[in-house]
Amino acid sequence: QKPILLQGHERSITQIKYNREGDLLFTVAKDPIVNVWYSVNGERLGTYNGHTGAVWCVDADWDTRHVLTGSADNSCRLWDCETGKQLALVKTSSAVRTCGFDFGGNIIMFSTDKQMGYQCFVSFFDLRDPSQIENNEPYMKIPCSDSKITSAVWGPLGEFIIAGHENGELNQFSAKSGEQLSNIKEHTKQINDIQTSRDMTMFITASKDNTAKLFDCTSLEHLKTFRTERPVNSAALSPIFDHVVLGGVQEAMDVTTTSTRIGKFEARFFHLAFEEEFGRVKGHFGPINSVAFHPDGKSYSSGGEDGYVRIHYFDPQYFEFEFEA
């Protein structure tokens, strides 16, 4: 089936994110524009304007009232989803790399880069206390001196966050006390992306060490490994099937082949239990930087270095194949 092509960015995509219902798709890129689209037909609903640098991360809260973005312009911003109005601006000392709302949408967290002599920090703000944002005083700030955080997500019920680091480590930080609850190192290189399963019991990591790995959210137990021959930029778990989609970079040996062969940059599908690859989807003209499953599991989206976002709806055979299997 022909994918829906979203053309709203001038630079390469950094993250794409569905809201909880899946009717909206938020996209950010290395340009200052934050776009929101109707996922059903690819129509652009609007933009959130205000950033002055590359936008690294985006998140929407549980009931899609607010949108959170973090940018290389040293700011994290809160927006009204419906009107596009900027509600809050938190200035930081360095670029904001990851951001997210907790389960209830009341607490936001974001991490800043280790750059220009500044340390990497994770900051937590409670939106129910406006003075925290006004005075730029988070109720908690966790320093990460060893290795900067490259990806982070909230754990179940907003009790802790799971952070992936540049050196391949995974940490759990308590959202109440800030203490490190656990620490493991299953990856040998930088973790590029972390995404949780629909029920928040598991999460998948994508790493520069050519693997994506599945973990238990609470215990951080390593469950599965999905191996490729190239770095993995993003990985997502299907909400209805035991399927994983990975997006990454092509092999160096393929770079010299002619550009007439469209789509050397493929999204790759693996079986969650058997760790085997069973499908590839071509289309992008550059590495895939972010992938996401629609919450109903009937489609997925990918955002690439080429600045395009592609929404792919699965064929009916995809569902028949799974139920027969």
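Note: Cβ is positioned from N, Cα and C throughout, glycine not excepted.
Owing to the predicted nature of the structure, the values given are computational and were not obtained by experimental measurement.
Taken straight from TrEMBL:
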{"type": "REPEAT", "residues": "6-47", "note": "repeat 'WD'"}
{"type": "REPEAT", "residues": "48-89", "note": "repeat 'WD'"}
{"type": "REPEAT", "residues": "184-225", "note": "repeat 'WD'"}
{"type": "REPEAT", "residues": "281-311", "note": "repeat 'WD'"}
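Across the repeat 'WD' (184-225), DSSP assigns 0 helix, 23 strand, 19 coil. Long-range contacts of the repeat 'WD' (184-225) within the same chain: residues 150-157, 162, 164-170, 172, 231-237, 239, 244, 246-248, 270, 272-273, 275, 290, 292, 295, each at least 6 residues beyond the stretch ends and with a Cβ under 8 Å from a Cβ of the stretch. In terms of DSSP helix, strand and coil, the repeat 'WD' (48-89) has 0 helix, 23 strand, 19 coil.
Over the repeat 'WD' (281-311) the predicted model carries a mean pLDDT of 94.
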